[in-house]
Amino acid sequence: MGPLTLSADAKTSSAAPSDLSNRRMQNLHMETRKAFASLSMGEEKPFDLFRILFEGVIAGGTAGVVVETALYPIDTIKTRLQAVRGGGKIDLKGLYSGLAGNIAGVLPASALFVGVYEPTKQKLLKMFPENLSAVAHLTAGAIGGLAASLIRVPTEVVKQRMQTGQFASAPNAVRLIVAKEGLKGLYAGYGSFLLRDLPFDAIQFCIYEQLQIGYKAAACRDLNDPENAVIGAFAGALTGAITTPLDVIKTRLMVQGSANQYKGIIDCVQTIVRDEGPPALLKGIGPRVLWIGIGGSIFFGVLERTKRMLAQRRPSHSQQPKQD
């Protein structure tokens, strides 16, 4: 019986460190999952979809309007650089031309984008394993951009026609575009817009989310506003540089009006390269990177701050679930 008792004691004595080891492994696993807390949000109740949608709409609309108002002059310079042909000079007057009309489109477009992006991201992150979270971010960004394009494209067409001096006011621009080109005139360059914006939205939000996850995991805490702003600036500037050729093509197709100088995306690229050389596809890259870099900083900073303020107003029942 002695050995049996000894065996039982040994088993009992080894149980404590074994339990301790198991707890440590569980805690480590929970910490790993917390690195993705901003994505998966734990176990959500059914009504959370409407909360995420509502908060996304409010936060997205607020961030979009703040960014557009602050950086509109840089965007105007970028547009005029891309629209001018050869060695022509640009006009630096009226840099806020079309701002009011553009905000009328940016507000619902930004609200729609984030309103679609957030719940789509939450759903996809539950479907994909954690090591494929980037795929969920890329897909959600593209889906959000596709939804927002229904508002973004007419807004962009009117804005860029006004920035290049074709019209004096947004209502006048809409009326004359529809009169001369039909409703399809408001969606001029739609294909090139999607060619630029879907990759842009997907890449920018993916870079931002992945950097945010990595930083949170390394710091073992939530990010503050300056940190969100820096990550947003980096994500925006890098994505802006990568997609500049697509932006040039989109701008040329949108501002050509009824002249129809280009027959489509391929013809536009061929004509630009033939007449102006390949470097013309990088026109406006300086203002674009500056504009989107600063814009990313402001947008994500305002977005996260607004989301946090809305989260603080939630009912107390949205506490984290108890863990055994």
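Glycine is treated like the rest: Cβ placed from N, Cα and C.
Marked as region 'Disordered' by TrEMBL: 1-24.
Feature annotation from TrEMBL assigns compositional bias 'Polar residues' to 10-24.
Sequence annotations record features per position, and here TrEMBL assigns transmembrane segment to 49-74 (among others). Sequence-distant contacts of the transmembrane segment (49-74), counting only residues of its own chain at least 6 positions beyond either end whose CB sits under 8 Å from a CB of the stretch, comprise 95-96, 99, 102-103, 106-119, 122, 287, 290-291, 294-295, 298-300, 302-303, 306-307, 310-311, 314.
DSSP places the residues of the repeat 'Solcar' (50-123) in helix, strand and coil in these numbers: 59 helix, 0 strand, 15 coil. If you look up TrEMBL, you'll see 50-123 (among others) marked as repeat 'Solcar'.
Positions annotated as transmembrane segment by TrEMBL: 95-114 (among others).
Residues annotated as repeat 'Solcar' in TrEMBL: 132-214 (among others).
According to TrEMBL, the feature transmembrane segment maps to 134-153 (among others).
Sequence annotations record features per position, and here TrEMBL assigns repeat 'Solcar' to 223-309 (among others).
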Query - Remote residues contacting the transmembrane segment (134-153) - C-beta distance under 8 A, at least 6 residues beyond either end - result: 39, 105, 108-110, 112-114, 116-117, 120-121, 124-125, 127-128, 186-187, 189-190, 193-194, 197-206, 209-210
Query raised in the report: In the repeat 'Solcar' (223-309), how many residues does DSSP assign to helix, to strand and to coil?
Result: 75 helix, 0 strand, 12 coil
